[in-house]
Amino acid sequence: MEHTYQYAWVIPLLPLPVIMSMGFGLILIPTATKNLRRIWAFPSVLLLSIAMVFSVQLSIQQINGSSIYQYLWSWTVNNDFSLEFGYLIDPLTSIMLILITTVGILVLIYSDGYMSHDEGYLRFFVYISFFNTSMLGLVTSSNLIQIYFFWELVGMCSYLLIGFWFTRPIAASACQKAFVTNRVGDFGLLLGILGFFWITGSLEFRDLFKIANNWIPNNGVNSLLTTLCAFLLFLGAVAKSAQFPLHVWLPDAMEGPTPISALIQAATMVAAGIFLLARLLPLFISLPLIMSFISLVGTITLFLGATLALAQRDIKRSLAYSTMSQLGYMMLALGIGSYQAALFHLITHAYSKALLFLGSGSVIHSMEPLVGYSPDKSQNMVLMGGLRKYIPITRTTFLWGTLSLCGIPPLACFWSKDEILSNSWLYSPFFGIIASFTAGLTAFYMFRIYLLTFDGYLRVHFQNYSSTKESSLYSISLWGKRIPKGVNRDFVLSTTKSGVSFFSQNIPKIQGNTRNRIGSFTTSFGAKNTFAYPHETGNTMLFPLLILLLFTLFIGFIGISFDNGGIGNGIAELTILSKWLTPSINFTQESSNSFVNSYEFITNAISSVTLAIFGLFIAYIFYGSAYSFFQNLDLINSFYKGNPKKEFLDQVKKNIYSWSYNRGYIDIFYTRVFTLGIRGLTELTEFFDKGVIYGITNGVGLPSFCIGEEIKYVGGGRISSYLFFFLCYVSLFLFFFLS
């Protein structure tokens with residue numbers, strides 16, 4: 001066991017040889033390296049697979065072992081301060097290592113097919129391999145300074161990958177937005193680290209936890225200063241994990257290639273913020289104000305993310321807001337002290353969301369031959385529909401991933417989300433109500449994504465869409481195309497006078513909501529006959545989907561309670577995950593309830609599943625094939641006609657759509673207040689610099705310049721003139737001096 005721990009430091013370094021080899025190849029033999037570029041995918045996958053084997057072995061040994069601090073190198077700054085670099089292996093590290101390596105391997109395999117025809121294939125593999133290295137280094141860090149170093153590397157890699165297609169202005173803008181937003185959090189993290197170093201004189205986790213256990217309860221340190229420093233540390237996690245109000249970068253990050261969208265939102269960048277809070281939770285748990293603030297931010301984020309996902313048309317942006325909401329659940333769990341539930345949901349969500357993102361990439365690939373390579377068309381769900389006939393494997397995997405995220409048993413996310421909901425109700429009914437209501441919203445918007453993408457008919461070939469030829473109910477006018485005369489312009493899912501609408505499209509247009517259109521459709525929307533249809537992707541893209549499907553089906557069982565001996569009327573709560581986390585400090589809420597009553601578990605499960613099924617049902621009514629059935633029964637129309645508050649309900653739906661489609665107006669608020677405000681300040685500074693500073697400088701120098709210009713014409717270049725003026729000046733001097 002100790003022999004294995006000795007070489008744990010190798011895990012973050014394993015992907016580096018491939019990165020350096022590709023770099024040297026591009027410098028020394030660029031032509032051969034580019035011609036044989038797809039060969040480099042194999043060593044990238046191989047080395048990360050070796051890292052995964054190491055991680056699994058460490059995790060197995062960690063179950064019955066203890067945390068290991070190992071120092072590799074010390075840099076002595078002076079006699080009083082030194083920086084020690086090493087690694088920390090504990091259950092949290094083990095979980096993250098397995099998560100990063102498994103998802104990373106599958107994303108690399110998927111990327112080989114997804115990026116095969118891209119000119120930046122090698123550059124992409126260099127970036128993504130370095131991304132994995134940075135994240136592996138972050139989770140094995142033994143102190144705050146190491147975490148900050150790898151934290152910045154993760155941010156740098158995300159900047160490069162989000163702006164991978166940097167020739168597209170929208171992608172360049174997106175990576176800048178992600179960089180600037182995360183700099184706010186990174187600055188807070190750095191200040192928090194420096195603050196705790198000033199308090200303790202150390203950057204080691206053990207010293208910080210000593211403060212939490214001994215000094216803070218006994219008023220050994222300034223509680224206000226400690227709370228401020230803890231808040232600054234939390235600010236770093238807020239930006240990295242896309243929590244309100246620093247969440248605005250995450251939807252725009254979808255401008256990068258789909259594989260990196262999957263990696264960012266499943267196992268790397270957004271997981272870094274959750275990891276940081278989980279690592280420092282022994283410190284935060286001793287500061288009740290910070291814990292309450294964490295839970296509040298998580299609650300706001302989970303609800304906000306769900307509402308913003310309701311009306312998105314871009315499939316990747318919809319999934320991005322879903323990620324934001326699920327990260328809010330994890331943040332809420334950490335804020336209420338439910339450490340195990342947060343990590344459990346981190347695991348289950350990672351595999352489910354990776355499955356959904358890679359599935360969306362398969363959908364996008366299948367749509368590009370029809371609509372072109374412009375993301376605002378190939379990712380637009382309004383142009384999809386009926387894909388279940390053309391890409392059945394992708395459809396099946398996407399459906400299972402959707403149901404998992406909706407919380408349908410026995411899929412992965414059901415177990416973790418149900419645990420968070422139960423703990424939130426125990427902690428506060430306020431948090432429980434919002435979390436439970438959002439669970440229903442999650443089922444609604446996730447099933448909406450599935451139905452718009454796979455249900456009905458392929459809408460790209462029609463100017464108006466309806467699931468039945470005769471029906472005008474919910475005919476969808478194409479985004480960006482001329483709307484026919486028979487279609488109501490006031491609704492997204494527009495109808496004739498006899499139809500019913502769901503969301504209003506008559507909204508203020510905000511700059512930045514629409515993206516620059518590049519490329520063109522390869523088929524005519526008005527064509528009656530077309531032979532272009534979507535097709536299933538290659539095996540290198542389907543294989544990761546099938547493996548992730550297995551994880552989605554079975555990974556949730558590690559959190560299922562099993563009997564460890566009766567205690568009273570309950571069953572001892574012992575799970576594989578809790579056994580795995582036994583060596584960690586037992587500071588979570590679960591410790592207060594050593595057993596769970598089976599009746600209580602079933603009751604909570606029934607409640608959460610009922611909410612999920614209700615959300616699925618509502619989504620199916622509005623977006624599924626069932627709406628033609630309800631129209632034939634005149635069920636919906638009779639409800640609307642007999643409802644005296646129809647106009648009020650229409651206005652409510654219009655406002656909901658406007659709020660969701662325009663991202664809650666948060667982006668436009670930031671643009672007007674911060675972006676335009678800072679630009680106005682820079683213009684004012686420029687005016688002051690040129691008008692005042694330059695004015696004073698030029699005002700002093702200008703008279704001297706003018707006098708010199710006048711004097712230089714006096715001499716004329718004649719020596720006799722110089723002697724004449726010299727004698728005159730001497731005579732005047734002597735005259736005044738002698739008189």
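A Cβ is built for glycine as well, from the same backbone N, Cα and C atoms used for every other residue.
According to Swiss-Prot, the transmembrane segment annotation covers 9-29, 39-59, 89-109, 125-145, 147-167, 185-205, 258-278, 280-300, 396-416, 425-445, 542-562, 610-630 (among others).
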Considering the transmembrane segment (280-300), which listed stretch of 89-109, 147-167, 396-416, 425-445, 542-562 counts the most C-beta pairs under 8 Å: 425-445
Stretch in 258-278, 396-416, 425-445 most in contact with the transmembrane segment (542-562), if contact is a CB pair under 8 A: 396-416
Contact yes or no, the transmembrane segment (258-278) and the transmembrane segment (425-445), 3+ Cβ pairs under 8 Å, gap 6+: no
Contact set, same chain, for the transmembrane segment (396-416): CB under 8 Å, 6 or more residues outside the stretch: 322, 326, 341, 344-345, 347-349, 351-353, 355-356, 359-360, 363, 439, 442-443, 446-447, 449-450, 453-454, 545-546, 548-549, 551-557, 559-560, 605, 608-609, 611-613, 615-616
